[in-house]
């Protein structure tokens, strides 16, 4: 497929300073720093804070990081570079880019837009939750520090006593959640208002395209790093920080033999860089043609990884502090039981040798040493207090942000300040990713539909209004279960399918050699040839394997979700009902459907066009008679009658066309003029 040169190239080749003539009114970044902040802000999101640390926690710590770096280098960076180069060279959104490479593959861009819309729907709900928590942070004490009391009985609320103050506030006060997805419940008015505010912020920030959103990026992309460094410095002073860091980096190399760990690492690389959304393409399309996109790909990928490591350090330090506090509380409770036994006059040879009356003098190591010696004699009331056991309880996603972190910040002096700072960081992380997601929707639509392009403001406001209306699904009492459904299933499989077709279109349809030629024109130097083989074989094989592993896991394990049971005050795993499974399938099918539909439509359209030649094609066929054959020895027919064109007809210019094995040459200028004179005189 790549042997013959196409009639058009991805880039203009006339000169280094030549701009695309049809992109004169296309917006552009004011500076390189704006563009870098936008790409970093989009790729660095909530997943870096609450997903990557959890995967490290569950999959061998340092060993998982090494595996992640390996997949980032051989799969993530090449695919990221491919999207950057395609967007920058063609200067279109995702729909236009893949249509330009092959009209049959235009559906790739539409699938990207669908997935971006899915993600925007539930991602803004998380921003709404952050707004709610940030608003509740401006009070002392924090509302999730202690369990509330029942007004009638003056006792602690049973649901809170059975769980924890932070869990109770999250599930009951914030979400007012039902027991399952089948119990929809009424709308949560407070969360509905927060969702409206979140969409209003996005609309205002993007109402003038990249000109307005880029200015917001200066704050939303940089502020999270300031907060992470503040939390890192503060966390290093906490008791338990060293234990948390040790747990994070301790390598368990045996996990490399687990296929599911490879799947999770590849998925994280895939989502961390924002591949397949079309946002990377959209942002790079506003760059100058000769921008060094290869350096950008390496820089953004490195920043993304280092941000994940920084966030993991903060998370493990905080979790280490939390685990240490829980273990010390366990020691205090056990010592109080031992004191009761001692006061009853019981005298046992296994009494601890340390002072039981002053709990503060007893270290965790001393207690655990005593417990391991006499655990078989002390009875069931005395339990082990293990810091490692607490650290092994992995927390991810909303559980990490809205339960574990809120619990830790309640221990900090000036806890409202730290809480407000943390949720303001989450808000900015979410917004910077949200801007990129919306850009992945708006840019392709404006590039391919001129009517929408002329009404940018109306399109932006209408899209946000539609997102809010559909997003009401997530503000009912069972809304959290739908957020989980969208997060787990609406984007994963469709995005992998999109990237597979992206790779096929560049590596096998357009051709890697030609693509590298176009990049060489842009960069003024040729990227290493290793990219050719990574795109053609390694990346494609990795994406197909990831798709197969994800499908097999979905089929054999079955889609499940975690529900909160109010009566037992605990979480439980439930299977989705039949209608929810149908909804999951519809989400995946609707997002993937544009790819085959566009391909079939293009085939049908081409057949119809071939069967009904246009006037231009007829004129071109007649015009071919003006060429002389180079390979034929036949003389022109003496009875040849020249074709007369009307004066008002547009004469198609001569073009290089080959028919079968015959080769034609263009007439020289003098010959062409003589032919035209003969036409005018009717000779």
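Cβ coordinates come from backbone N, Cα and C, glycine included.
Unlike curated entries, TrEMBL annotations are predicted automatically.
According to TrEMBL, the protein has these features:
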type	residues	note
BINDING	41, 48, 304, 429	Na(+) 1 binding site
BINDING	44	Na(+) 2 binding site
REGION	1-26	region 'Disordered'
TRANSMEM	35-53	transmembrane segment
TRANSMEM	65-86	transmembrane segment
TRANSMEM	107-132	transmembrane segment
TRANSMEM	190-210	transmembrane segment
TRANSMEM	222-245	transmembrane segment
TRANSMEM	265-286	transmembrane segment
TRANSMEM	298-319	transmembrane segment
TRANSMEM	417-436	transmembrane segment
TRANSMEM	457-475	transmembrane segment
TRANSMEM	495-512	transmembrane segment
TRANSMEM	533-556	transmembrane segment
TRANSMEM	576-601	transmembrane segment
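When the binding-site residues 48, 304 are compared by the number of other C-beta atoms lying within 10 angstroms of their own C-beta, 304 comes out lowest. Highest Cβ contact count with the transmembrane segment (417-436) among the listed stretches 35-53, 107-132, 533-556 falls to 35-53 (criterion: pairs under 8 Å). Cβ proximity to the Na(+) 1 site centre (mean Cβ of 41, 48, 304, 429, cutoff 8 Å) flags the following additional same-chain residues: 40, 42, 43, 44, 45, 47, 221, 224, 307, 432, 433. It is 190-210 that, among the stretches 190-210, 222-245, 298-319, 533-556, forms the most Cβ pairs under 8 Å with the transmembrane segment (457-475).
Around residue 41 (Na(+) 1 binding site), the same-chain residues at least 6 positions away in sequence with a Cβ under 8 Å from its Cβ are 217, 220, 221, 432, 433, 435, 436. Residues 26-29, 35, 38-39, 42-43, 47-48, 51-52, 55, 59, 64, 67-68, 71-72, 75-76, 79-80, 83-88, 90-95, 97, 109, 112-113, 115-116, 119, 210, 293, 296, 300-301, 304-305, 308, 433, 436-437, 439-444, 447, 491-492, 495-496, 498-499, 502, 542, 545-546, 550 of the same chain lie 6 or more positions beyond the ends of the transmembrane segment (265-286) yet place their CB under 8 Å from a CB of it.
Residue density at residue 429 (Na(+) 1 binding site): 29 other Cβ atoms are found within 10 A of its Cβ, drawing on all protein chains shown. When other Cβ atoms within 10 Å of the Cβ of the residue listed as 'Na(+) 2 binding site' are tallied across all protein chains shown, the result is 27. Same-chain residues lying 6 or more positions outside the transmembrane segment (107-132) and placing a CB less than 8 Å from one of its CB atoms are 46, 93-99, 174, 190-191, 194-195, 197-199, 201-202, 276-279, 398, 402, 423, 426-427, 430-431, 433-434, 437-438, 440-441, 444-445, 448, 467, 470-471, 473-475, 479, 482-483, 486-487, 490-491, 494-495, 497-498, 501-502, 505, 587, 590-599. Between the transmembrane segment (298-319) and the stretches 35-53, 65-86, 533-556, 576-601, the greatest number of Cβ pairs separated by less than 8 Å involves 35-53. Long-range contacts of the transmembrane segment (533-556) within the same chain, counting only residues at least 6 positions beyond its ends with a Cβ under 8 Å from a Cβ of the stretch, are 71, 74-75, 78-79, 82, 259-260, 262-263, 266-267, 270, 489, 492-493, 496-497, 499-500, 503-504, 506-508, 512, 515.
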